[in-house]
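Per Swiss-Prot, the features are:
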BINDING   GLY129, THR130, GLY131, SER132, GLY133, ASP151, PHE180, ASN197  S-adenosyl-L-methionine binding site
BINDING   ASN197, PRO198, PRO199, TYR200  substrate binding site
Amino acid sequence: MDTRKNVSGAERKIWSLIRDCSGKLEGVTETSVLEVLLIVSRVLGIRKEDLFLKDLGVSPTEEKRILELVEKRASGYPLHYILGEKEFMGLSFLVEEGVFVPRPETEELVELALELIRKYGIKTVADIGTGSGAIGVSVAKFSDAIVFATDVSSKAVEIARKNAERHGVSDRFFVRKGEFLEPFKEKFASIEMILSNPPYVKSSAHLPKDVLFEPPEALFGGEDGLDFYREFFGRYDTSGKIVLMEIGEDQVEELKKIVSDTVFLKDSAGKYRFLLLNRRSS
């Protein structure tokens, strides 16, 4: 139960403020009221459910901060950079500018990975381009596997490490800065599964304004979006391993030219979303 006092003195009624702020986000997002509720609850330090308490008020200082953040969101700045966190697989992940925000559809990649881990008794997993650590930390959290994660961004490595500590898996989630699996060359032979949500957006693609605030190296995969896959499969011998990666829905035919013996899987929306290569001997 929230212990904040009801409206009095110079405090403003919270729902008057929420209505005004929601109007500022119309045309920016389809979930303007929800986003304002999340921003307000963040500033006040209470659950958004407690905002429904009758006559709850905000101080002038709190109102000023809320308005600043709403204006920032209205400019296109990503909501989850403002909130400083994003839920993924039922877990709260720290995110900040310079780190890719995990997407809901990537939860399906993690669920597929967990099924394969259970089926084959996999003990060692790699996560390339870990970002916030959403994939790798979730795998470590919901299985007994050890995860070796990499990212080219120092900021991402820092945040991923914090998220591993936050969710109690820092003893099984190890992250280093570098491209592909180069930082863990000495572990490559022992890695049984390789996961990634790589940059696969075409360089010419037109993206929503808020997405453009995210690190371009986590989004764009060259002219046709396939640079990552070409380099990865050209560089590494995946014999004896399982590779599971996210892909663009229109990239299946071109990916077939890059790697053979691959299964392409659809997501819950019926779109091709995952590349699965199983080269285990059993």
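Using the three backbone atoms N, Cα and C, a Cβ is placed for every residue, glycine included.
Location within the structure of each feature annotated in Swiss-Prot.
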residue : record                               : DSSP class
GLY129  : S-adenosyl-L-methionine binding site : coil
PHE180  : S-adenosyl-L-methionine binding site : coil
ASN197  : S-adenosyl-L-methionine binding site : coil
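When the binding-site residues GLY129, THR130, SER132, GLY133 are compared by Cα distance to TYR200 (substrate binding site), the shortest distance belongs to GLY129. Other than the site residues ASN197, PRO198, PRO199, TYR200, same-chain residues with C-beta atoms no more than 8 angstroms from the centre of those residues' C-beta atoms, the substrate site, are GLY129, SER196, VAL201, ALA218, LEU219, GLY221, PHE228, MET245, GLU246, ILE247. Comparing Cα positions, PRO199 (substrate binding site) lies closest to GLY129 out of the binding-site residues GLY129, THR130, GLY131. Within the same chain, the residues at least 6 positions away from ASP151 (S-adenosyl-L-methionine binding site) whose Cβ sits under 8 Å from its Cβ are GLY129, THR130, GLY131, VAL157, ALA160, VAL175, LYS177, listed in sequence order. Around the Cβ of GLY133 (S-adenosyl-L-methionine binding site), the same chain contributes PHE93, ASP127, ALA149, ILE159, ALA160, ARG161, ASN163, ALA164, PHE173, VAL175, each under 8 angstroms and 6 or more positions distant in sequence.
Secondary structure from DSSP puts ASP151 (S-adenosyl-L-methionine binding site) in a beta strand. Across the annotated binding residues for S-adenosyl-L-methionine (GLY129, THR130, GLY131, SER132, GLY133, ASP151, PHE180, ASN197), the two most widely spaced Cα atoms sit 16 Å apart.
Fewest Cβ neighbours within 10 Å among the binding-site residues GLY129, GLY131: this applies to GLY129. Cβ crowding, taken as the number of other Cβ atoms within 10 Å, peaks at THR130 among the binding-site residues THR130, SER132, ASN197.
The binding-site residues under consideration are PHE180, TYR200. Their Cβ neighbour counts within 10 Å are lowest for PHE180. With respect to their backbone Cα atoms, PHE180 (S-adenosyl-L-methionine binding site) and PRO198 (substrate binding site) stand 10 Å from each other.
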